[in-house]
Amino acid sequence: MSTGQNLADGAAGIALLHLETGDWEAAYTALREAVADGVSIAGGASLYYGAPALAFVLAASDRADLTRAKAVAAAGTATVTRRRLEAAHRRIDQRQRPPYAEFDLIGGLTGLGVALRRIGDLDLLRDVLTYLVRLTEPLDGLPGWWCPTGPHRTKPGPPGGHSNHGMAHGITGPLALMALTLRDGMHVPGQPAAIARICTWLDQWEQQTDDGSAWWPQTITLEELHYGDTDQPGPLRPSWCYGTPGIARAQQLAGHALSDTARQRKAEKAFTACVSDHEQLVLLTCRSLCHGTSGLLAAGRRIAADAHAPISAPLPLDLHPKPAPPGEPPGFLNGTAGAELTTTGTVTSWDACLLLC
């Protein structure tokens, strides 16, 4: 598998940084490296790998000399999406449960929807939204997104599978995409009801801190579902991928899309409590977008910009060290490129690939 075309860790993600800063020479160097071994439209292609990843990155520039490359990447993205949609609908028709890689942001159809929204393929994006509506419909007494496996690829999962709530691999990714497209003025039949179904599920599992702020467990297992409570003792690492920042941003977007001011305020209060809690903040031990300070700051910037009322707690910029610490990888999702993008700006809306905008 070619690493250059990997948005998370390869040259494709590094190109995003250079496109944001306007360093065209460095961007072209990274883009050439990204496509040096070809661009995949195989089964593993996704927002974070292959043609869809390149389509997302290239959309950050309006340079005319990228027109042909954009067209090729867009065609590849469409091919991948149609193939994945066909398989997903077949799975639903057979009443089987989905692996999270079918629907999630990083490897699944939610991420492909992000790429399609970015490049303006709205007809195919509607097809993705139609699939996401079907995904939320209950299946044999469980949510349609209930995975038969656990959240870790390399570890055995809990008996009966789980519901994943993280932005990267869970149901808040589809929630955010459906909310964002509804805010864009695009919707398909059943989309508001699908958003509401996800929100109702999250409400069912909402927990409270001592000061009355909301937090949500990262996952729910079948055993937890049966006895009606979570084993998670409290909010964990405040990361974008699984923690309060990502989940709160998705719910803030849902509240805005459904004109649900109470939900929007609750999400904003949850984020404020998160960034005000030293015990949570010290759990962030790196600068990465995925599970470090960059993800918290990137989510916080978008939450604050859309907040119903000003966020009372400042973003903890002091926790985000500069320059890069020794040994930090160079890439986007887990390394230096993402960390630098977080403090550079959002002119190119690069954080759309995190479903923050």
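Even glycines carry a Cβ here, placed using N, Cα and C.
Going by TrEMBL, these are the annotated features:
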BINDING   CYS241, CYS290, HIS291  Zn(2+) binding site
REGION    316-338  region 'Disordered'
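Counting only same-chain residues at least 6 apart in sequence, those with a Cβ under 8 Å from the Cβ of HIS291 (Zn(2+) binding site) are ARG237, SER239, TRP240, CYS241, TYR242, LEU284. Sequence-distant neighbours of CYS290 (Zn(2+) binding site) (same chain, six or more apart, CB under 8 Å from its CB) are ALA8, ALA168, SER239, TRP240, CYS241, LEU333, ASN334, GLY338, listed in sequence order.
The DSSP breakdown of the region 'Disordered' (316-338), given as helix, strand and coil counts, is 6 helix, 0 strand, 17 coil. For the Zn(2+) site, the Cβ centre of CYS241, CYS290, HIS291 serves as reference, and the other residues of the chain with Cβ at most 8 Å from it are ALA168, SER239, TRP240, TYR242, SER288, LEU289, GLY292, GLY295, LEU333, ASN334.
In the three-state DSSP classification, CYS241 (Zn(2+) binding site) falls within coil.
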